[in-house]
């Protein structure tokens, strides 16, 4: 289970913080100090008030002056209610972030037309990543703080309050110090995480510090204590200016304006990735939404000057090899697992390694906290089940098909010339088996002729009720003439149906199309092999492709143009680019022995499966000269079979006869007789002997056209298909989004297991822990309530976006009232309550999200890179919008919008100083001795984390002292 595991230093710090805050808040009451310090706070209030004001929604809890016991009870109720509201905000923010992920994941398809006329299609995201991070993503993660500031101003007659602005500053401090400290510490020892888009980080960090500096300027320098309309509006308009600057830095549009960019296919899912290069050819054209755009058009695709997709990009190959390696390792590690479990494991590993947005980590953290389970594991399991189910699709004709299909069992048949007849099987499948079905058949000449090679045959086959198979026979004519292999055709036609209800067996032809029809194949090809020759031996084709996962490869050796006699055919494997000896295949050699009338033999070769993603290696299988096993002495003489001989003591045609010696381990168990060259006196043969020699030569077994088969070993088709599916980048909008209300309600009432320390066993189904059940029952009310929010499928996520932000605003109003009443009950000022409790509550989901991102992501951008941008957006939106509305309202009434600069200005200044220290330390950590902003050696991690926690504690400490006038403010 994912938990916010803090070191003893963190735990001690939080305990000291709680004690310190309460101590400071009661110092004035204990010493009965009531003096006013003008410099500390213009309102003259240096102590917390026990007098509560009516909230935006919640009324005052009467009486106003309860007993000490009632105060404790009220404070407990307010605190528990506030925590419960924070849980609700986290859950509705989960829906909100899901809608943002769906919105920012929208893509469009573009077509690239190359100079050679080829076209390539790829997809590009409509939203730029940096723009989405600074707008919708930041709004989603900081919506409670922003809305709290706006609601507080609007709900209190457009007067400035301490809760909203202090929450924004306090949340910024928590994000900048505590979240980054945690991210630095949780990275495993020795590992580092660096910010990938450093220039974007510089821009957002600069704007973040400027935002808080700007607050000090407008509060204490330009118009002390008064916020004018132009100041409020300019604060708000800094938001789009900040976004534009970050976008410019991301797209390199200023300094890099004349550096031409090239886009290549990304590692996953065909997404385009930018890199710099030379000026490309101007002939490349890009078609988007049906419009052709020349490759030199500026500002295309977020400022790109060129789009060029390399279909064989090296990164794609690396991604596939990496995925193949993952699958091989999983198979070796879990040989007992089924394919579904292996695909689930691989899916989860791919999803875990895939780069994710800030929104995803926020959603993942919230669901893990609330017992909703790991969305990556659930999605991986769903995808695995779908993949397996696709393999199990039944392609056979359904038995309940209302139409009967009539067809041959197979499309080709073979027979020997001396077989007499050849049998062909006709199949009836589907339809009403109680009907009688008639089908005509007829032979047709091919290279074989009716009357000389086969008997012309035609007729009608009758399938009686219940019959599903019939056999027809065609006569084959034998002769003693050497012939090539010949073939003829048999056609099916004219299907008719007769039902039991028909009278006198009359055929019902009116409903033939709906009752029965011809299936495939409806024509069979019959090949007649000549049996008057010993045979021509050949492979079926010169080249064959096999999958490396085939195991044992079987290759057919055909015997055509005759099948008389027993023949031996030697064979052997020959290395090519594929190596034998068990590396790519096992060396094989031997002999095939064809019996009389046997026309097919198979050679078996073992292929080694080493599970390479792309494989194209070759070896050869070769057959040698065939030879007859049994041969008469005279035929052996006439064929002049040469070899090693021993003297037999016999004479033939006046010549000594020798026995041939075969150089084989297992000689043929027969005697082959011939005459040695040295005994051949070149005596001419008679005409009769010449004729006998010619006839013997005609019947001799010979090699055919394909004697050397090239075997190309390719990657496993199933393995490659699995890899191709896995390397396609899963759109995370599909993972976090929902398609229906039914799906949302099922998720709301389902308890799922959270994260485990052992991710290697993620394929095993685990039961929810006790913590999962506790968090589920604590949050089930919110889950069911917010299941009514429209699914992200509607309006491309905008329906969910609008409803969610309204719900967040409503809950934020409750949180503001509860926090204010909690503070006044125990005597805390709103500024202190906001900086400590409210800021902490609104930042907990971000803390979990950053922790997950720091441990799982390859870079530090998702964990800390967005912190600075989020801090700037909080000021420009949260304070800019609220103060602009209030300033305009007061200006319209001829009044001034007054804001006390004391506490806020002091907090802002303190935060700015500490933020400079924070950013400086992070940049220093990029030096080679540490290697990155996050992680590194254990000592460096611990020192950095302790420093950042100390900065936060000092910020809280000094802000509280200033709020209670113990130190001089501005």
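Backbone N, Cα and C atoms are what each Cβ position is placed from, and that goes for glycine too.
Going by Swiss-Prot topology annotations, residue 166 is found on the same membrane side as residue 963. According to Swiss-Prot, of the candidate residues 41, 866, the site noted as N-linked glycosylation site is 41.
As annotated in Swiss-Prot, N-linked glycosylation site applies, among 128, 157, to 157.
Listed ranges 822-842, 843-863; the one Swiss-Prot annotates as transmembrane segment is 822-842.
Per Swiss-Prot, the listed range annotated as transmembrane segment is 229-249 (candidates: 103-123, 229-249). Swiss-Prot lists transmembrane segment for one of the ranges 774-794, 942-962, namely 942-962. Around the Cβ of residue 417 (Ca(2+) 3 binding site), a 10 Å sphere holds 26 further Cβ atoms from the protein chains shown. Taking every protein chain shown into account, 478, 479, 530 are the binding-site residues, and of these the Cβ with the most other Cβ atoms within 10 Å belongs to 530. Here the Cα atom of residue 417 (Ca(2+) 3 binding site) is found 5 Å from that of residue 478 (Ca(2+) 2 binding site). Through the fold, the topological domain 'Extracellular' (155-167) approaches residues 55-56, 145, 148-149, 227, 813, 816, 819-820, 829-835, 838-839, 842, 878-879, 882-883, 885-886, 889-890, 897-900, 903-904, 907 of its own chain, all at least 6 residues removed from its boundaries and within a Cβ separation under 8 Å. Residue 530 (Ca(2+) 3 binding site) and residue 478 (Ca(2+) 2 binding site) have their C-alpha atoms 9 Å apart, to the nearest angstrom. Counting same-chain residues at least six beyond the ends of the topological domain 'Extracellular' (223-228), those with a Cβ under 8 angstroms from any Cβ of the stretch are 42, 160, 883, 886-887, 891, 896-901. Listed by sequence, the residues of this chain that lie at least six past the ends of the topological domain 'Cytoplasmic' (189-201) yet keep a Cβ under 8 A from its Cβ atoms are 130, 183, 246, 249-250, 252, 854, 857-861, 863-865, 868, 926, 930-938, 941.
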